[in-house]
Amino acid sequence: MNGMGRQGKRSGASGLQVHHQRQYSDNFLETTSNGRWLQSAGLQHLHSSNNSIPPLQDYAFYGGGDGGGQGSRIYRNVQRDFNMGNDLFAEPMSPPVSSRPSSQRKNGDESPNEFSPGLLDLHSFDTELLPQMPVPNMYNGPSLYNPVRGRSFDDSEPYISNNKQTGRAGDVSENGLLKSFAADKEKANSVAKIKVVVRKRPLNKKELAKNEEDIIETLSNSLVVHETKLKVDLTEYLEKHEFVFDAVLNEEVSNDEVYRETVEPIVPIIFQRTKATCFAYGQTGSGKTYTMKPLPFRASRDILRLMHHTYRNQGFQLFVSFFEIYGGKLYDLLGDRKKLCMREDGKQQVCIVGLQEYIVSDVETIKELIEKGNSTRSTGTTGANEESSRSHAILQLAIKRSVDGNGSKPPRLVGKLSFIDLAGSERGADTTDNDKQTRMEGAEINKSLLALKECIRALDNDQGHIPFRGSKLTEVLRDSFMGNSRTVMISCISPSSGSCEHTLNTLRYADRVKSLSKGGNPKKDVVSSTLNLKESTAQPLSSVMRTASSSFEDDINDTWPDQNERDDFDTSEDTFEQEKLMWKKNAKRDQYSFSTSESKLPKPNGQTKWKEPVRSDFKHSNSDDDLTALLQEAEDLVNAHRKQVEETMNIVKEEMNLLVEADQPGNQLDDYISRLTAILSQKAAGITQLQTQLARFQKRLKEHNVLVSSSGY
Ligand SMILES: Nc1ncnc2c1ncn2[C@@H]1O[C@H](COP(=O)(O)OP(=O)(O)OP(=O)(O)O)[C@@H](O)[C@H]1O
């Protein structure tokens, strides 16, 4: 960190302002005492607790406070370059799109200088923006995709409202304008509601040392997992699992390209009252933090560009907050890990009491805040990752705008972009080997991942009811799931043969999220072919498979950014009106159906449908808790089943060995009998245990009136 070194430069700039936010909602300011809400303890805290962020000489005030004569709004534009040449967050020069492996390029892949969907529709349908509304599609100035290097925010050259710049704006007919608005709106709509992207990391040193192989073959938007399996006669064969997603990014793809593929298209629509969430999912050490870390920084840089060029002088402001959910509790990562409380107000708006929110106007400050939050995050060590995230970290970029333009009223939320670095997905499954603390972490993580999946599914199906009460994570993200929202899920996978099972789990989770999408890709986890290795040749597996094109060893110096930094982030907000409508809709129904994502559960006659428990009073009902508990039990059952199948496979292997031995001359019959007896009882015990769990679960379903036959509809 070189924050101290920058102190002189910062002095006098309004790079950082802090809000002590009492409620995490649009109306949070109302509850703050005496109207001087920016003169907060949070600022003092920041000064005292983090030397890397220097004290600020001046910062913005809103509201009618006395604050040393700063009752009216003071806002100094910060003169900082966008040129991020020595940016800690930037990767060592990521390759241009054109250098991407052809397998990674899709039709219509844009060059960085072309406009992405959504970029030009910034003002359409936002009546608050009308006074200085530039003409969409007429703007040839600097853009997200065509930044002006070395030009500061405060460049005096007017980029937007100077129509002469294009020489065309004055000629636009009303008709043309409307058409252009419509086209822009269409572009915004073309940003998928849910996008699922998979990122494969390279093999790491440990995996290479263990001679593990790269079992993931990637194509532009699909991938194949080559799983080595054993036949009953103990011969090896490969099982291929094929998956299709919106995009598949291989180990050569840089963080810059990940940003372009995932978050960049949604940045402009945040200005159009959209709440977007981007999260990474995957097993420990699969690259979630590595992937998520640079995204908020890049996004805020682009947001600031838009604010200072396209939306110049329109009263937009960028706010940053950063917190984590650990063991079901919330901690402020920018506020000394202060424990936070989540509350729901009378309008079912989720508020995080005490969360500090910082107003920022330059990229340096954002970088410092992100670094500060990352260094505060809870981490631990796992077998696969020495610095493993034990929490979900949520960084949120909120765009607000003052309603009256003179700063006398608190700014109102326009849109929000949330980044979540989820804890490793397998932690929940590690229930046997770890200590109590880790098991509890695991249970909480499991629950929240399940709940998150359910929310995404409900969101994508435009279901009236979204089960956000299923976990703290989804509760906090509640407004991200309502109304005009976008979700980007980045599934991170390890390429190694040793992680095959976890990788398949991750891909199945992603697949469920994607396949629930109405227009999404159909599920494609198909065991598409097998290859008997023994029969095929004496070739090693690696020669049959595509070998890893790069290894950690090879790439470490060229393409890996600072590995000591860790990150995570995010959340969003939504309009009460939309929410109210949804709740009204729900309240009218006494029962409403939902299709569980656990579609792989056995369904009698293939006809079983699921119903949510009856809700008579949604406000006081426990149905969300019931639902969460039931979904958790369903997941547990599936996991137990999976485990039982694995055990059976091992037993079968043992049986095969026993049979081979039994055929040997001189075999001891009594030894054979006793081993067979043990094997059979082990088998029987496994089956009985699973049957008991299944029966218990069926009983619970009955009690809650959840599992009903299709004739019940
Ligand atoms: N695409 C990649 N290219 C190069 N290195 C990577 C890549 N992805 C991850 N790594 C490296 O692998 C290691 C583990 O990555 P990371 O910490 O991001 O995993 P994680 O999924 O966040 O793990 P956890 O759930 O335990 O927090 C880190 O050293 C990271 O730098």
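Cβ atoms here come from the backbone N, Cα and C positions, even for glycine.
If you look up TrEMBL, you'll see 1-21 (among others) marked as region 'Disordered'.
The annotation region 'Disordered' is assigned in TrEMBL to 86-120 (among others).
Summarising the annotation, TrEMBL assigns ATP binding site to GLY282, GLN283, THR284, GLY285, SER286, GLY287, LYS288, THR289. Within 10 Å of the Cβ of THR284 (ATP binding site) there are 23 other Cβ atoms, across all protein chains.
The annotation region 'Disordered' is assigned in TrEMBL to 542-577 (among others).
Look at TrEMBL and you will find 542-551 tagged as compositional bias 'Polar residues'.
If you look up TrEMBL, you'll see 565-576 marked as compositional bias 'Acidic residues'.
According to TrEMBL, the region 'Disordered' annotation covers 592-623 (among others).
Sequence annotations record features per position, and here TrEMBL assigns coiled coil to 631-662.
Cβ neighbours within 10 Å of GLY285 (ATP binding site), excluding its own Cβ and spanning all shown chains: 26. Sequence-distant contacts of the coiled coil (631-662), counting only residues of its own chain at least 6 positions beyond either end whose CB sits under 8 Å from a CB of the stretch, comprise 230, 232-234, 429, 446-447, 450-451, 454, 470, 596, 598, 600-601, 672, 675-676, 679, 682-683, 686-687, 689-690, 693-694, 697, 700. Contact annotation for binding-site residues (GLN283, THR284, SER286, GLY287, THR289) versus ligand 1: THR284, SER286, GLY287, THR289, each with CB under 6 Å from a ligand atom.
The average pLDDT the prediction assigns to the coiled coil (631-662) is 85.
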